[in-house]
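Enquirer: Take a look at the following structure, please.
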Amino acid sequence: MTATLILLLLAQVSWAGPFQQRGLFDFMLEDEASGIGPDERAPELPDLDMLGPVCPFRCQCHLRVVQCSDLGLDKVPKDLPPDTTLLDLQNNKITEIKDGDFKNLKNLHALILVNNKISKISPGAFTPLVKLERLYLSKNHLKELPEKMPKSLQELRAHENEITKVRKSVFSGMNQMIVIELGTNPLKSSGIENGAFQGMKKLSYIRIADTNITTIPQGLPPSLTELHLDGNKITKIDASSLKGLNNLAKLGLSFNDISAVDNGSLANAPHLRELHLDNNKLIRVPGGLADHKYIQVVYLHNNNISVVGANDFCPPGYNTKKASYSGVSLFSNPVQYWEIQPSTFRCVYMRSAIQLGNYK
């Protein structure tokens with residue numbers, strides 16, 4: 001009985017037609033003469049839109065970060081994933097940013113365009129970037145800052161360009177801005193419109209170093225805590241230069257041509273803690289240091305200071321309400337250390353914090 005059943009099963013298998021496994025594109029390999037019957041439909045290709053965003057050719061995409069740096073690109077790639085939050089295009093050969101280059105990138109938070117050849121940015125190029133917080137344009141060929149930057153912007157870095165003008169209109173309504181970097185540009189004082197930075201209520205950090213400005217920009221916002229103007233051609237600090245900077249904590253004026261600091265200048269920055277005036281042309285210690293309550297670090301090395309008075313740094317009858325100095329540099333000045341009275345540094349925290357000598 002069992003043998004009979006097995007024979008019947010084998011007979012059914014031998015009578016059955018050959019099994020054909022059809023793949024997705026097998027219809028392309030069939031005999032063209034057979035065609036498609038009236039009741040048959042060709043297999044449908046998958047909808048590419050259902051597969052999600054596609055990474056631009058040669059770029060790398062991971063966790064909403066699109067990296068297209070160092071690829072020799074001469075324009076912004078097309079069809080960038082709309083969920084991109086960081087786009088890195090640095091070290092390419094892009095010459096122009098056009099309207100539509102960043103369309104649909106409403107979630108972009110950071111845009112890196114450093115070290116390209118950008119000389120032109122269309123007025124509406126950044127309009128779609130409603131959430132952009134960081135814009136890096138350094139090492140390009142821009143002559144002016146772009147118009148209509150996103151109001152959400154918090155950090156702008158555009159050093160090492162060819163910028164000669166900073167218009168007030170560029171920063172109009174930029175109430176979220178915190179950091180601005182404009183160093184190493186052929187910028188002159190006349191090129192900075194008066195009050196260009198004034199309306200930005202959260203602005204905390206400005207760096208305009210290694211340019212051709214001869215004065216401290218006017219109309220700086222009171223929110224500023226750090227101002228770096230090193231390596232310029234500033235000749236003097238007027239009584240009004242720091243007016244209104246009540247929150248300024250760090251002031252960098254190294255490597256300028258400053259020969260005088262007007263009395264009362266430092267009083268306009270009552271919370272100043274660190275002052276860099278090294279590598280200038282000062283002939284005396286700036287007035288007002290002894291009366292300054294919070295200042296702790298003063299760099300005055302490489303100047304022409306020949307005399308240091310007993311009360312230049314500390315008030316008479318030093319009281320503990322003034323913060324102690326943690327650093328005072330006077331080396332590479334004509335004044336000899338033995339000519340300075342020991343009591344001059346009575347409000348310095350440690351003697352090792354005082355740097356003298358080495359003048360040639």
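Just so it is clear, glycine is given a Cβ too, placed from its N, Cα and C backbone atoms.
These figures come from a predicted structure and were not determined experimentally.
What Swiss-Prot records for this protein is below:
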type     : residues : note
SIGNAL   : 1-16     : signal peptide
CARBOHYD : SER34    : O-linked glycosylation site
REPEAT   : 74-94    : repeat 'LRR 1'
REPEAT   : 95-118   : repeat 'LRR 2'
REPEAT   : 119-142  : repeat 'LRR 3'
REPEAT   : 143-163  : repeat 'LRR 4'
REPEAT   : 164-187  : repeat 'LRR 5'
REPEAT   : 188-213  : repeat 'LRR 6'
CARBOHYD : ASN212   : N-linked glycosylation site
REPEAT   : 214-234  : repeat 'LRR 7'
REPEAT   : 235-258  : repeat 'LRR 8'
REPEAT   : 259-282  : repeat 'LRR 9'
CARBOHYD : ASN263   : N-linked glycosylation site
REPEAT   : 283-305  : repeat 'LRR 10'
CARBOHYD : ASN304   : N-linked glycosylation site
REPEAT   : 306-335  : repeat 'LRR 11'
REPEAT   : 336-360  : repeat 'LRR 12'
Enquirer: C-alpha of ASN304 (N-linked glycosylation site) to C-alpha of ASN263 (N-linked glycosylation site): distance in Å?
Expert: 18
Enquirer: Using a 10 Å cut-off, grab the number of neighbouring Cβ atoms around the Cβ of ASN212 (N-linked glycosylation site), all chains included.
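Expert: Other Cβ atoms found within 10 Å: 14.
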Enquirer: Can you give me the Cα-Cα distance between ASN212 (N-linked glycosylation site) and ASN263 (N-linked glycosylation site) in Å, rounded to a whole number?
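Expert: A Cα-Cα distance of 25 Å.
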Enquirer: Is it possible to get the count of other C-beta atoms within 10 angstroms of the C-beta of ASN263 (N-linked glycosylation site)?
Expert: 11
Enquirer: Tally every other Cβ atom lying within 10 Å of the Cβ atom of ASN304 (N-linked glycosylation site).
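Expert: The answer is 13 other Cβ atoms.
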Enquirer: Determine, from DSSP, whether ASN304 (N-linked glycosylation site) sits in helix, strand or coil.
Expert: coil
Enquirer: Checking distant contacts: for the repeat 'LRR 12' (336-360), what same-chain residues at least six beyond its ends satisfy Cβ-Cβ under 8 A?
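Expert: Sequence-remote neighbours of the repeat 'LRR 12' (336-360) are 301, 307-315, 318, 322, 324-330.
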Enquirer: Reduced to three states, what secondary structure does DSSP give ASN212 (N-linked glycosylation site)?
Expert: coil
